[in-house]
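Here's the structure we're looking at; comments come further down.
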Amino acid sequence: MSLVTIRDLAVSFDGVPALRGVDLNIPPGGALGMVGESGCGKSVTWLAALGLLPGRARVTGSVRLAGDEILAAPPATLDRVRGGRVAMIFQDPASSLNPVHRLGTQVVEALRLHRGITGGAARAEAKRLFDLVGIPDAARRLDAYPHELSGGQNQRVMIAMALAGQPELLVADEPTTALDVTIQAQILDLLNRLRREMGMALVLISHDLGVVAETCDEVAVMYAGRIVEQAAAASLFARPTHPYTQGLLAALPPIDGPRKPLAAIPGGVPEPWAMPPGCAFAPRCPHASAACQARIPAHVAVGDAHSAACILAVREMVPA
Amino acid sequence: MLRYLATRLLRALLTIAMVVTFAFVVLRLSGDPALLIMSVDAPPEAVEAFRTAWGLDESLWVQYVKYFNAILHGDLGRSMRDGRDAIQLVAERIPATLALTLPALAIKIGIGVPAGIYAALHRNSLTDRVVMTLAVMGFTVPSFVLGLLLVLVFAVQLGWLPSGGDGTWRHAVLPVVTLGVGGAAVLARFTRSAMLEVLGQPYIRTASAKGVPWHAVVRGHALPNAAIPTVTIVGFMVGSLIAGAVVVESVFSWPGVGRLLVVAVANRDLAVVQCILLLVAITMVSSNFVVDLLYGALDPRLRQSRAGGAG
């Protein structure tokens, strides 16, 4: 059984749709990467699933955690899920930690809420978590404030705090975007190691295909509020099927061969209030035809656990 | 930290000295007390004698040095009208003023802060709009208009409360409400915007994402951050405890420092005016100083930069 099952999740802000029907399955211990440009809905998917969007957001669909519906669940239920079963870390670690509370206090708060540990035991456990995520001089760092640590160290604190509730799923929303490249690699290694050691599932949200390729078993590519292609990581990178995915991969610089200009995808993402009829990518797509505007293309299985939402995609496009 | 305190203290003393100097110069240049206090048709010799007696015949510079020296020795001069010590005249009025401004401060904080927090937490709701409309009205209506309005309704029409004067707690009700409403409105708007700013910060989302119940997010994560800017405004209000009621005391004929100031200015009773201004400067500066120390207690980022010796 899936750990998390999302069906037809849609979100609109003041009537403007931001997420237009997303289906996802996260198996226990699995690692899913979600890629796409900013505004494509990859973060909104998880903020909506956990009830973290502001009140003006309208959320419809279904999000099941181990079979139980959590979308629009009562606050008390959600508070036990958030941080306890599904934890989330964010893009900018420095501003994601409360500036007026000590780091240890912020981790201990999660320990108290989800594991009922308080006092000296909580402090000892917080120190163990700091050690686990590789914060040097952990005991002293417990008493530090966020502004006293670097971005990378703060992200480690965020991860330690996320682990405090022993979650079954960690959603990492662009966890390395605000960090420099060497720190990025360290944080990704850490997430990988923790996932293996703790048997925790991971959703890695990123606009960086490279980051996702290194870390995830499976990848979902999002465009304009929908998943346009989903596959095992190896399959997706070997045989990208949706023209948008092909465009993304073509835009990556090759590591060898002669230098050549990067192939950018022409045009821009359509504004959410002015979506074209049919396929949202059609206006930028090199293979677009009149048929693309007729209706929104359904997902077609193009191979073993590989599907794409394109009318040109056909079964067995990707040999097993 | 010690260096920081010393710098702050020095700056505070400098501010007070500047206020004293400014008040001294403006008062001397804006009219001759001798002509005001003596009758207009007083013989010139009498006016001259008055000037000599009060040292007004000396050059401005000499007067200033003497005045400053006296202050440093704790002598704030005597009233030109009745010859009593200025400090004593002012001190007698302070309890009456505090009897208005302290309850008013309690109203400002007791109503303004919770109203602002509530409005922020229910942003764009009907309650939010009602609270904010009242707040805009509360601080756009000048206190003398509000005071007269209250007199009209509660003293003249309903006859529930006296329209002015002093003696019983009933006399204090209207002036206290007049003072409190405006400040509560300012504080409500300020608290609301401080709260909204904080509620939009990523760390609030982090707290929710780790399963902190909403009421605890508000209490434990939002309020301590929103308190930092709000303390500034409360500090100003504390600083104006002595001189913040000039208009209201005049409207309600309340015998406080404010009315003494109005009368003393009109009479060019130099020592009394200067004494009040000095007192006001000291309260303002000390409350700012306390606010500064509170910042340090509330905000670890500031605390650290101070410990490092930077101002």
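These residue numbers are counts, starting from 1, taken along the chain as shown.
Including glycine, each Cβ sits where the backbone N, Cα and C put it.
According to TrEMBL, the protein carries these features:
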- B:94-295: domain 'ABC transmembrane type-1' (DOMAIN)
- B:12-31: transmembrane segment (TRANSMEM)
- B:98-121: transmembrane segment (TRANSMEM)
- B:133-160: transmembrane segment (TRANSMEM)
- B:172-190: transmembrane segment (TRANSMEM)
- B:226-251: transmembrane segment (TRANSMEM)
- B:271-295: transmembrane segment (TRANSMEM)
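At the 8 Å Cβ threshold, with sequence separation of at least 6, the transmembrane segment (B:172-190) comes into contact with the transmembrane segment (B:98-121) through 3 or more pairs. Contact count against the transmembrane segment (B:98-121) (Cβ pairs under 8 Å) is highest for B:226-251, out of B:12-31, B:226-251, B:271-295. Below 8 angstroms of C-beta separation, residues 8-9, 12, 15-16, 19-20, 23-24, 27, 67, 71, 76-80, 86-87, 89-90, 228, 231-232, 234-236, 238-243, 257, 260-261, 264-265, 302 of the same chain, each at least six residues beyond the ends of the transmembrane segment (B:271-295), sit close to that stretch.
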